[in-house]
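Presented below is the structure to which this report refers.
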Amino acid sequence: MSAPDQGYGQYPPAGQQYDQQQQPYPDQQGFEAQPGAPPQAGAPPTADGRKKKRNYAAGAFDVGTGANVAPGAGPPMPGQTPQYGMPPAGQPAYGGFAQQPDPQAPVYGDPSQQQPQQYGAPMASPGQPGVGGYQAPDPYYTSGVGAPGAPAGPGGVAGLTSNLAGMQLGPGQPAQAPAQQQARPTPLNQLYPTDLLNQPFNVSELDLPPPPVILPLNSSVTSSPMANCPPKYVRSTLNAVPTTHSLLKKSKLPFALVIQPYAALHDHEDNVPLVQDQVISRCRRCRSYINPYVVFLDQGHRWRCNMCNLTNDVPQAFDWDAAEQRAVDRWQRHELNHAVVEFVAPQEYMVRPPQPLVYLFLFDVSYAAVSSGLLATSARTILDSLNRIPNADRRTRLGFIAVDSSLHYFAVPKDGDENAETSMLVVSDLDEPFLPVPQELLVPLTDSRQRIENFLTKLPEMFQNTTNNGSCMGSALRAGHKLISPLGGKIVVLSASLPNVGYGKLDMREDKKVLGTSKENSLLQTANSFYKSFAVDSSKNQVSIDMFLFSSQYQDVASLSNLPRYTGGQTWFYPGWNAGRPEDAIKFASEFSDYLSSEIGLEAVLRVRATTGLRMSSFYGNFFNRSSDLCAFPAFPRDQCYVVEVAIDETLGKNVVCMQTAVLHTTCNGERRIRVITLALPTTTNLADVYASADQCAITTYFSHKAVEKALSSGLEAARDSLQSKLTELLQTFRKELAGGSMGGGLQFPANLRGLPALFLGLIKNVGLRKSAQIPSDLRSAALCLLSTLPLPLLVQYIYPRLYSLHDMPDNAGIPDPETSQIVLPPPLNLSSERFQPFGLYLIDDGQTQFLWVGRDAVPQLLIDVFGVQDRTQLRVGKGSVPELDNDFNERVRAVISKSRDYKSRGVGSITVPHLYIVREDGEPALKLWAQTLLVEDRADQGMSYQQWMGTLREKVVQ
C-alpha cells in the first residue's frame, strides 16, 4: 500500500480540526501539521553555548546502527504531509528536539560491539540525516505504508476500497446515513491499516496526542481555540461516536471517558478560568451548564440546550457586570469560550456552611512503628510541613490519636492558654471508645500552632521505649470517625503493623504455598467486612481515609485498601520501609509533605451529563456511587483519574454530541465551586471512522480498571484471560469488517491502535496481574490500587515503562532546550533486552520505581564520570542515587533522572518520588531479575515475549 495522503496523528486542514480555528493544545506542540510551510532540510543545529562533551577516545563507537537506531523517521519530502508517528518538517523529532549529530563528540562504548538488525528495530535509511547520532528508519515504518517490496496501490481507506471490492468503506462507497442524520460536512480521521508483524509498535508512538477531534465548522458559538476539552482533563476511548448501539456493539470497542478533573496538585499550577459573578445558567430540564456548544435564539434572549434541546431563558445578569455596574460583552464570558471552567457557587449550592479542612492523624505507636522510625519520621514531616498545609482561611483543624493496643488521645490547648498543657488521655475500652474532650481534640492550626509544634517534637519520645505489639487501628478509625463526622474531613492512617485487636481485627493469612494458584484470589479479597461497611458510613458523613502502610511483614493491604477505595482516598504502600536507610526516609518525607500541601476538594460530588441518547452506565475509581449517576467524594484528590462507561440508548441524530462533567466541591479555603468540563465529539455511521478515531491509551486505561474489577471478583486468571480475549476480539473484528477477512501472513490493525497489543501485554505482565508464585499478596494489592487510580500518562508508563539509553544519548539530551528551558529526555526504546549493549548505561522507569542498569562491560571512564568509581565491583548496588560529580556527563544523567520525575510538565499531579535502584548486569541476581520483569517484550516469569504474544494473537485471530 502506498503512502496515504493524510497521516494519522496529523491535524486536518485548516478549518476542520476540533472546531473552527482551534490550535493544538500547548502540551502537544510538535504534532500539528503546518500546511504551506516547506520542510527544512535536516534538523536544527544544536544551540550555541552547549556544554562540550568530554572525549572518551577508548570507548567511542558508532551508534547509528543496530538496536540504537532511533525510533522515529526523517522529515517528509517537500509536498508531503507528515505521517503517523512522524513530526512535521522542521519540527523536533524526539521529545520535541531534533539535532544534528556532532562528529567530534564520541560516546561511551565499544566499537566492536555492532549488533545485527533486530526484530522490531527500524532499519537504517541511507541518505537521511541522523538525529542526535541516531539514523531515521524508512518512512514505511511509521506511516502505515507497505513494507519494501509491497505492491503499490492507492493509500488510506481508498486503497482498501479499491482492493476489497464490494465493501462499503471509505470515500469510494460511503455508508448510507439514516434519514434523521444530517449529511456530514467534514471528513473525519482516515483509517490507515498497518501490519503488526511487519510494522511493529514503537514506544515513541505513546507520546503522540490522541486522534484529533474533528468537529463541523461553527459547532461552537465562539471561535475560541479552547472551546473543546483538552485531553489532559477528559479523553474519550472513541473520538468519533457511533450513532447507534448496534454499530458500537459491532465495533467491539469500548465507549468510555477517562476523567481527570485536575491537572496539578495546586490551583496556581493549572489555571482554569474562574466565573466569579455567581451568574450560573443551567438547563431547566437536564441541569447542564451553559457551554460553548449551546445555540442562542430570539435575539440572544434564549438558549437551546445542546444536551436535551430544551430552550431556556438567558439570565438577565448574563450581560451585566454587577461589580462594575456596566454592560459586558457576552462573547467574552469564560463559559462560552472555554470547555473547562470553574464557577463560584451561590448559596443554593450549599447544604450547610462550607466545611473547614480537617486532618486527623492516626499514628501507629506499636513496637514495629517505633523501631522502624516511622513515628519519628512522620511526626517530623508534619512539623516541617505545617506551613504547607492549606490554611488561607485560617480555619484548618488538626487532631492526633496514637494507636497500639489502646487509644491515646491528645488534647492540645490554644497558644493563648498559658495554664494548660497538652495532655494524653488513654482509652482501653475498644468496643465503645468514648471521646474524652472533643472540643480540644480537633484544634485550629492557626490558634494552636506553637502547642502543635511542641507536641510533634515530643511525640516520638513518649513511645520510644515501647514493647507493645498491638494495633487496634479498626477501633481507632471508629473513634476518629466519631470525632470528625460532625465536620467531615480526612483521616490519615500511618501504620506499620497488622490490626490485631479490637474492631476490624485481621489475621495473618499470607501463605506462600497458595501464591500463583487459584487459591491466591482469596488473599486479594477483604478478610473483614468491617472495612467496606465502615468506609461507606464514612463517605456518608464526608469523612475520607488515606492509608500510608509500611509493614515489613504481611499487613493485609487487600482489606485496608477498601477504606480509601470508597471514600475518595488513596493507599500508599512502602514495603520493608526503614528510616535507617536515608533513601527510605527521604522518599516518604518528600511524598508525605507534598501530600499535606496538596489542595483538595471537600464535600464533593461528580456527575456526567450527556446529549440525549447517551447514558453513563458504569463508574470506576475511588469514590462511593451514591445513586445511578452521582459519585460522592468526601475529599476530592488531585492525583487520580476516573473512568465512566457510556451507553448508547437511542439513535443519535446530531453530527455532534457533548458530554459534560461537573464537580461540585468546597475548596480548601471554604469557597463552594463547580468545575465544569465539556467535551464535544463528532458522530459517525461508518465503522472505519470509529476505528480511525479510537484512542489506544484511553482504551488501555478503561481495560485496566475493568481488569482490576475482574481480578477482585473472579480472580487473576480470569482477568488475564479477559484481556487476551478482548484484544483477540478487536483484531478479529477489524479483520472481518475492515480488512476484508484476508490478512495473508500478517496481522492488520489501525496505525492509531498499533500499541494496543504491547500495552495489553504490559498489563497482563504487570505485578498486579501477572502469573507468578513469587509476588506477595500485599504487593499485588498495592499494584491493583495503582492500576485503578493512576492518571492516564502515569498509568500507561506503569504498564509499559520507559527505557532510556544514557551512555549514547543525543548531544542535546540532559540539557535544557534553548526555547522551552525544559530538560530534553533521550528517545525512549522498546522494552526488550535486545536493545541493551553490554557496555551500556540504561534507565528503566515505570513511574513508581527506577532502575539504573550498568552493563557488564561498561568502560572505566563511564563509571568514573557517573558514579566516581573505577571498577564495577566498587559500585554500590540497590537503593541509592547518582552522586553529584563535577563533570558534564554526570550532570546530564542526573538531569535526565530528575526530568523523568517531572509530572507537572505532563499535565498530571502526583506526589510520587520513585526509588532509584543501581543494578549491575553481573551483580545481585534478585535485583537484576526484578529490573528485567519491567522489560515487557522479553519472556520472563511464566509470561510470554512480545513475539510469542503476537504469534498467539495471530493464531487465535485466524482460527
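Our numbering is plain: 1 for the first residue shown, then up by one each step along the chain.
Glycine too: its Cβ is placed from the backbone N, Cα and C atoms.
Residues or ranges marked as region 'Disordered' in Swiss-Prot: 1-135 (among others).
Annotated compositional bias 'Low complexity' per Swiss-Prot: 1-35 (among others), in sequence order.
The feature region 'Disordered' is assigned by Swiss-Prot to 163-184 (among others).
Annotation source Swiss-Prot lists compositional bias 'Low complexity' at 165-183 (among others).
Residues annotated as region 'Zinc finger-like' in Swiss-Prot: 283-308. Within its own chain, the region 'Zinc finger-like' (283-308) has Cβ neighbours under 8 Å at 219-222, 224, 227-228, 314, 330, 335-339, 343, 609-612, 656, 658, 660, 662, 674, 676, 678, 680, counting only residues six or more beyond its boundaries.
Cys308 (Zn(2+) binding site) has a Cβ environment of 16 other Cβ atoms inside 10 Å. In the three-state DSSP scheme, Cys308 (Zn(2+) binding site) falls into the coil class. The feature Zn(2+) binding site is assigned by Swiss-Prot to Cys283, Cys286, Cys305, Cys308, with similarity to another entry given as support.
In the structure as shown, the Cβ atom of Cys286 (Zn(2+) binding site) sits within 10 Å of 16 other Cβ atoms.
Fewest other C-beta atoms within 10 angstroms, among the binding-site residues Cys283, Cys305, are seen around Cys283. The residues near the Zn(2+) site, meaning same-chain residues not in Cys283, Cys286, Cys305, Cys308 whose C-beta sits within 8 angstroms of the mean position of the site's C-beta atoms, are Arg284, Arg285, Arg287, Ser288, Asn306, Met307, Asn309, Leu310, Asn312, Arg609, in sequence order.
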